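Copied over from TrEMBL, here are the features:
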TRANSMEM  34-56  transmembrane segment
TRANSMEM  124-147  transmembrane segment
TRANSMEM  168-190  transmembrane segment
TRANSMEM  196-222  transmembrane segment
TRANSMEM  292-310  transmembrane segment
TRANSMEM  352-370  transmembrane segment
TRANSMEM  377-396  transmembrane segment
TRANSMEM  402-420  transmembrane segment
TRANSMEM  427-448  transmembrane segment
Amino acid sequence: MTAVDGHGADGGGWVVEPTRPVSTVRAEPGRPPWAWILGCWAGLAVLVTSVAIWAIGDRAPTNVNVGTRFWLDAWLVDDARWYQSIAADGYFYLPGQQSSIAFFPSYPMTVRGVGWVLGSDFQLAAWLVALAAGLAAVVMFTGWVWARLPRAAALTAIAVLMLYPYSFFLYGPMMSDAFFLMLALLAFVLLERRMFWLAGLVGALATAGRPVGVAVAVGLVVRTLELLAERRAAAAVNAADEAADEAADEAAAPARAEPDADADAQTVARWPRHVRWRDLFGAIRAVRWREAGVLLSGIGLAGWCIYLWTTYGDPLAFNTVQGAPGWNQGTGPKTWFKLIFFGTMVRGPFDVALRIAAQALMCLIAVLLLRRVYRLFGWGYLAYSVVVLTIPLLGTKDFMGTGRYVMAAFPVIAAAGHVLASARPRWVRPVVLGVGLLGMLVATFVFATGTSVT
C-alpha cells in the first residue's frame, strides 16, 4: 500500500491505494556506449585474427592450406571447408560416409549468394558473412540486454559475450555459429516489437540454420504466449486499480491517514514478476491470426527435412550421417550417458580430455544459470535456453562442440553478466573476464592449427 496525496469528494486528504511490487532489476535510461562496444569488437577481431594467423605455422601437413590471403586461410579449418564446399558445389550424401548434408543450409546458402556477387569467391564470402554476422549479433545483444538489465550488469553481459572462451566465432571463422546467433537474436527482437510474422520468418531461417534451431521456434511460441498472458494480467490489474480508485473516491474519509513507514520497502521486489506457467496455457485461447505468425519459424526445419526426403530418401539424413566413421556421433544410451567422455577422462589422451572437460564445465555453468534466466527474463527465454542446451547435451558423446552451443544461449550469457556484476569481492569480475579472454586466445590458436577445439 502507498499513501497518495489527493482529495476525495469531501476534500479529505490522504488516500491509501494498493500497489504492485517493483523489481530492483530495471534497465536504466540512456543509450549504450556504442563507440566503446564497437571499438572493443573491432579490436578483438584484429587480435583474434592475428592469433589465428600466428597459428598457421603450427598446422599439421594435412591441414596446410595457405595462400596469399593468409588472414582468410587462417580460418579455413575444421567445418569451414564443408561450408565452402557446399557454397561452391552444393550438397551430397553418401550413406555411411561423412557427407555435406550434415550441415544445415542457411549459412552456406547465404555464402553462396554473396559469393556469386563476389565473382564466385566463396572463401571471401564465407569470411565476410561470418564477420558481419558476429558484429550484428553483438549489436543486437547489446540492444536486447540494455533494455532488461541495469547498466553495470548489461555492460558485464556484453563483455561476457565478447570474451567467452568460444566467442572467437564472432570474429571471422567461416562457421555458422555467429550467423545462427544473429538470427536467434533478430527473431526475438522482432517478437518483442510485436512483429510476429517477421519474427516467424527470421525464426524459419534459424531453424534451417542449425540442429538446435528448433529452440528458436519453441522460444518464440512460449514467449508469444507469455506476452499475451502478461497483457491479460495487466488488463486485470488495471481494472482492479480503477475499481479501487472509484471505491476510494466514494468512501474517502475526511481524516488524514498517515502513510505506512514501511510501505516503500514492501513494494520493492528482488526479481521481475512473471506470469505463472498455467497462464501460458490460458493464453492459447487469446492467440489470433496476428500472433500465429511465429509458427512460421517451424517451416525452416520442415523444408530442410522435405528436401532431404525427396532428394535422398531420408528426412533425417542430417542426423543419420552423424554416425559416419570419423564423426561417430550416433544416438543411444552410449551417447546420452557420455560413456566416451568418462573413458577419455580416465584414459586420455590428456589434450583431448582437457578440451572436452573445459566444454563440460561451460555446460555445467550454463545449466546452473537457467534458474536466473527465468527470474530475469521469464518463460520464453528459459524455454529457448533449455532447448538450445539440451539438444547438444544429449546429442554429443563427449561434450565436444557444446562450448560454442552455450554461446547460442544468449539469455544464459546475460544471466552470467548479471551474476558477475554483483560478485564480491570486486576483483572477481575482472579476473573472470580476463581468464575468458585468455581462454579465447588459446582456443583460437588451437582451432587455427586445425585441431578440433569445440
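Quick reminder: no glycine exception, Cβ is built from N, Cα and C everywhere.
Bear in mind that the values here come from a model prediction, so they are computed numbers and not experimental data.
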Review point. Would you call the transmembrane segment (402-420) and the transmembrane segment (292-310) in contact, using three or more Cβ pairs under 8 Å, pairs 6 or more apart in sequence?
Key: no
Point to revise | Stretch-level contact, the transmembrane segment (292-310) and the transmembrane segment (196-222), CB cutoff 8 A, at least 3 pairs | key: yes
**Study point:** Other parts of the chain folded back onto the transmembrane segment (168-190), taken as Cβ under 8 Å at six or more residues beyond its ends
**Key:** 41, 44-45, 48-49, 52, 75-76, 78-80, 83-84, 103-104, 106-108, 110-111, 123, 126-127, 129-131, 133-138, 140-141, 143-144, 161-162, 198-200, 202-203, 205-206, 209-210, 212-213, 215-216, 219-220, 223, 297, 380-381, 384, 404, 407-408, 410, 440, 443-444, 447
Review point. Top stretch among 34-56, 124-147, 352-370 for CB pairs under 8 A with the transmembrane segment (427-448)?
Key: 34-56
